[in-house]
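Feature annotations, courtesy of Swiss-Prot:
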BINDING   Gly65, Glu66, Asn67, Gly68, Ala69, Gly70, Lys71, Ser72  ATP binding site
COMPBIAS  1-15  compositional bias 'Polar residues'
DOMAIN    33-269  domain 'ABC transporter 1'
DOMAIN    279-523  domain 'ABC transporter 2'
REGION    1-23  region 'Disordered'
Amino acid sequence: MFGSATANPPAQRNLPSGDGDGGAPDAQAPYLLEISHVSKGFPGVVALNDVQLRVRPGSVLALMGENGAGKSTLMKIIAGIYQPDAGEIRLRGKPVSFDTPLSALQAGIAMIHQELNLMPFMSIAENIWIGREQLNGLHMVDHREMHRCTAELLERLRIKLDPEELVGTLSIAERQMVEIAKAVSYNSDVLIMDEPTSAITETEVAHLFSIISDLRAQGKGIIYITHKMNEVFEIADEVAVFRDGAYIGLQRADSMDGDSLITMMVGRELTQLFPEREKPAGDVLLSVNRLSLNGIFKDVSFDLRAGEVLGIAGLMGSGRTNVAETLFGITPSDSGEVRFDGKTVHIGDPHQAIELGFALLTEDRKLTGLFPCLSVMENMEMAVLANYAGNGFVQQKALRSQCEDMCKKLRVKTPSLEQCIDTLSGGNQQKALLARWLMTNPKVLILDEPTRGIDVGAKVEIYRLISLLASEGMAVIMISSELPEVLGMSDRVMVMHEGEMMGILDRSEATQEKVMHLASGHKVH
């Protein structure tokens, strides 16, 4: 799935105008949900400071802001997970307070989390009605009635799934549909969706958006949290922006463009999202010839020069990540040749790859990158700890000094190196993981979805860092599902489709149309 850093506004929708300077939208329609002067603090941190938010019935409100802006905290307050320190919540015009998520759900507010909360070994029907099972005259669970109600619910939402299918057999997108059906089954008037498209394909996104449009037509109020601006302009009626725990303002989506939205989010104008770079003139550092992994990808060939950024584009399942993992020795190739620094090499495991000068920032930092219960320093030192150990001792002072230097260079925002890394924002977690690999002094840096799930301000910092590393002679392979990112950062773009390399485009000839044409399985003639 390809996202976008900037996008064109959609056609105008019939909505009252919003404000652009922190006020409230015009009261031409009754509000479904109103948040007034809400504040929330944690030890040493003010997460929300006197914020407001209003949701109209039959509308999609996109909620945007950098990581740490307070979006998630406010949503957890609305959903009954946290209780506010001050302020008021009004639902359908009446003051409400929620002690638990169940009380919010019963009142008509449902939150669909980014990490889905379903039971994999239970059926769709059982997941939807868990805790609310229909009973027959004998006070036993009436499975037939549950099946009938689930089938009706899925049909109404145009979700083509069997109520008896086990949730564990469903794709991520299908599980999201089940979560939506479950929320609707509570007759929820307000649905909160947190990054719902972060791990689904372009086709699945289109299906999700059609369901959201149906819910909007039914009068539901939808709060849609996302970092992807193209989604905002495609699906949202209004956009609310938070920054540093404060409400910045609300605008109609069709009155904004990408630049004005970025300015609201970061508090400054980002005149250039992607830094300017000159085409490198370094020597070939890595040469890959007909690299293959049986059943996954075949005959992948390319050269990578020192100081070059090679982008790899393709739809999900195209084999991009598999190529990266093979180069790093996670899944050794079945055939083909890899030449590094002029010599043929056989990379059998990641340890060999690191010794040669390879580094890999993996696709899913939470699953394969972070040690969430460890500190920032413990996460950063993982790849170089052996270099500072000897005779049963670790050179803690020197190791700490290097970690501090990397934090300064990469602008990792953390109260201390002892801070648990799981408490940092997504952007700072990603920079800490990048610091881990830069401490190994790699010659080839492989970045798999380096800006996934981080805000636009952190993205700009990552882009500038990549450009700086390339200018210093590091060779970079960057895999990304965001097409503007690939085109904006790469000197050349390699495009893959179902395990096959479809072509390599030079920066001067690469366009969204050409890349999508190749990614869809069509050769450029």
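Glycine too: its Cβ is placed from the backbone N, Cα and C atoms.
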Least Cβ-crowded entry, counting other Cβ within 10 Å, from the binding-site residues listed as Gly65, Gly70: Gly70
Residues near Lys71 (ATP binding site) in space but at least six apart in sequence (CB under 8 A): Leu63, Met64, Gly65, Ile225, Phe242
Cβ neighbour count within 10 Å of Ala69 (ATP binding site): 26
Spatial neighbours, same chain, of Glu66 (ATP binding site) - Cβ under 8 Å, 6+ residues apart: Arg243, Met265, Val266, Ser425, Gly427, Asp455, Val456, Gly457, Ala458
